[in-house]
Structures are given as C-alpha cells and as structure tokens.
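Undergrad: Just lifted these from TrEMBL, have a look:
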| type | residues | note |
| --- | --- | --- |
| BINDING | 22, 23, 24, 25, 26, 27, 135, 178 | ATP binding site |
| BINDING | 48, 69, 70, 71, 96, 97, 98, 99, 139, 150 | ribonucleoside 5'-phosphate binding site |
| BINDING | 103 | CMP binding site |
C-alpha cells in the first residue's frame, strides 16, 4: 500500500497552523498537544533534521537553502507524510506549512488529505516585532530588517492560503495579540469538536 493509502487507512486528521513570526504559534501548539492530544509537526524542524541526518535528500535540501532556493513542496510533503506514518497518533498539527498556495495545492494532491481547518494566529506587525526583539533567543535573524522581511514574505505568500480556506469555511482566526492564556481560550473553541485528552494523574 502506498503512503496515501496508509494515511487514509490510519484516518489521519490534519490542522494547518499559520501565523507570522512572533505570533506565538509554538507556545499555543504546545498547549494544543497537551490538552487535545495532537502531535506537533514543524515543517522547518523536519527539514533541519533531514539535513542533520546526512542523507542524500538532506544534502540536496541543504544545498538548495544555501543557494537561497525554496525547497520543492514535494520534498517537504514527503517528510511530513513519513513523520505522520511513523507516529502512533492520527491527529497532527502542521506548523509553518503550507507557506504558499503552491504548497497547499501540492499537499492536497500528494497526500489526498484536506485539513480539518487552518488555525491562523492573527497578530499586528508592531506586536510581533516587539515580541521578537524582546525574546533573547539569540536568533541571528531577529534584527529589525530581517524581521520586516519575514513579515512581508509571510503576508504575501501565506495570506492567500488563509483566504482559500476561509472561502471553504475552514479558517479559524484567533486574535494572537492578547495574553497567552486568553489566546488559548479562543484556540480551545476552535478545537471544541475534538475530544479533550484525558488526563490520568
């Protein structure tokens, strides 16, 4: 059975998580994992892990990134498919993907999976800028010029994805400028159709 058949058999459910840099996606994904039993897959982390593995695929990805090229959708999608098949869970948060319309169309075509919905963390540029500059994570790209470039790329490429799902009534927009716990209250409403994870103390 091919990957598509195996994913179908597993009854995989996918939620795309999108938001600009500094919108708090990572923090909220951790909360969703804890309370709703999802597995969090970050497209960027999967690509970095593949590079680290030293595989031929990893070398190809590394060279493309070095040359400033965008890694082909199929490459990222295959890594996501593999991660979903190797994981015991069937509920996945896919973070930072699809980055653009081409990614989105390729994901649905390759995996034959349509997401349950896309969770969009809506946050003003000023607020994201403030957060990124105040978090001392030592990321080289957290300077004002780079941050503004990242915002611009996010807006130009990711907003059409959100608009596409909005037209299908599959976009859940959360005001991410509020305090973390308030944001999570809105997130919980978006996930109300999923059972809460049973906490066994």
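Glycine is no exception: its Cβ is also placed from the backbone N, Cα and C atoms.
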Undergrad: Out of 24, 25, 27, 103, 178, the binding-site residues in the record, which is closest to residue 96 (ribonucleoside 5'-phosphate binding site) when you go by Cα distance?
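TA: Going through 24, 25, 27, 103, 178 one by one, the Cα closest to that of residue 96 (ribonucleoside 5'-phosphate binding site) is 25.
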Undergrad: Between residue 103 (CMP binding site) and residue 70 (ribonucleoside 5'-phosphate binding site), what is the CA-CA distance rounded to a whole number of Å?
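TA: Between the alpha carbons of residue 103 (CMP binding site) and residue 70 (ribonucleoside 5'-phosphate binding site) there are 11 Å.
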Undergrad: State the Cα to Cα distance, in Å, between residue 26 (ATP binding site) and residue 98 (ribonucleoside 5'-phosphate binding site), rounded to an integer.
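TA: If we compare the Cα positions of residue 26 (ATP binding site) and residue 98 (ribonucleoside 5'-phosphate binding site), the gap is 16 Å.
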Undergrad: About how far apart, in whole Å, are the alpha carbons (Cα) of residue 178 (ATP binding site) and residue 98 (ribonucleoside 5'-phosphate binding site)?
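TA: On Cα coordinates alone, these residues lie 25 Å apart.
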Undergrad: Roughly how many Å separate the Cα of residue 25 (ATP binding site) from that of residue 48 (ribonucleoside 5'-phosphate binding site), to the nearest whole number?
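TA: Checking the Cα atoms of residue 25 (ATP binding site) and residue 48 (ribonucleoside 5'-phosphate binding site) gives a distance of 19 Å.
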